[in-house]
Amino acid sequence: MAAKIISGINIAKQIKQNIAQKIAQYIVNGYRRPGLAVILVGADPASQVYVNSKRKSCAEIGIESKYYDLPATITEVELLSIIQRLNSDEMIDGILVQLPLPEHINPIHITEAISSDKDVDGFHPYNVGRLCQKIPTLRSCTSYGVMKLLESTHIDLSGLHAVIVGASNIVGRPMAMELLLAGCTVTITHSRTKNLVDHLSSADIVIVGIGHPNFVKGEWLKQGAIVIDVGINRDTYSKKLVGDVDFLTAEAKASFITPVPGGVGPMTVAMLMQNTLQAYEHHLQAV
């Protein structure tokens, strides 16, 4: 029996509708709109697509977005100066710097410069540390979105074995903390992991984010596993967007699976909107 498809598009749509309703109520009550600063450095086509998607979502749900389209030649000092001004701007609740950055700019310096209460990407060490201590505030958008996808299956995650393929700071590491918080037994695998298939064959939940098209095969999976594909790649031959999981073979083995596109991607944007609302509400309470 083929797996049930977890539609990130549908779930993200509902989340954004809920956010829009809350924002509309704040406006009726006389409050300002939430403000999100979006910074793009350089002209990377993929980054431009991602930024446009985020700004479109802001417009749809009532968040005021302030866009900074900066040249790739901007210095790190100049970028840090812009961030410091935004940190002090009371009309800005969230600051997003689209990655990747040019090689001469250290992304760690940029992430750490953003005020932790405006870090709507959830990358600041303070927010990562809060998640590790089981008291999350602003959470990493992709892993937060994956948890919402898992919740939609209505399966009790406590005690399940989750295997993460990929140990990046953006996906793998925060994903592990989220799953631990949900009571899972977590295994993180990466490029140096031996016997990857042995790990995957015992996994109740498989989450893959490594940037290799169609890497994980269905025959590697446990029957009935929940498969979440975070990858998004352009297939060399078909030119279509594909994930890190070989969808056709995995669909035959899994109980639930996310498609690419239309799975994790929309959820990442939706949780960015959720984080912006959360930061906005925090700032309103602090006034």
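From the backbone N, Cα and C atoms, a Cβ is placed for every residue, glycine too.
The structure displayed is predicted, hence computed values, not measured ones.
Annotation note: SER168 (NADP(+) binding site) sits in a coil segment as assigned by DSSP. According to Swiss-Prot, the NADP(+) binding site annotation covers GLY166, ALA167, SER168, SER191, ILE232, on the basis of sequence analysis.
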(request) Please find which two of GLY166, ALA167, SER168, SER191, ILE232 have the most distant C-alpha atoms, given that the record lists them as binding NADP(+), and give only that distance in angstrom, rounded to a whole number. (result) 18
(message) List every residue in the same chain as SER191 (NADP(+) binding site), at least 6 positions away in sequence, whose Cβ is under 8 Å from its Cβ.
(response) none
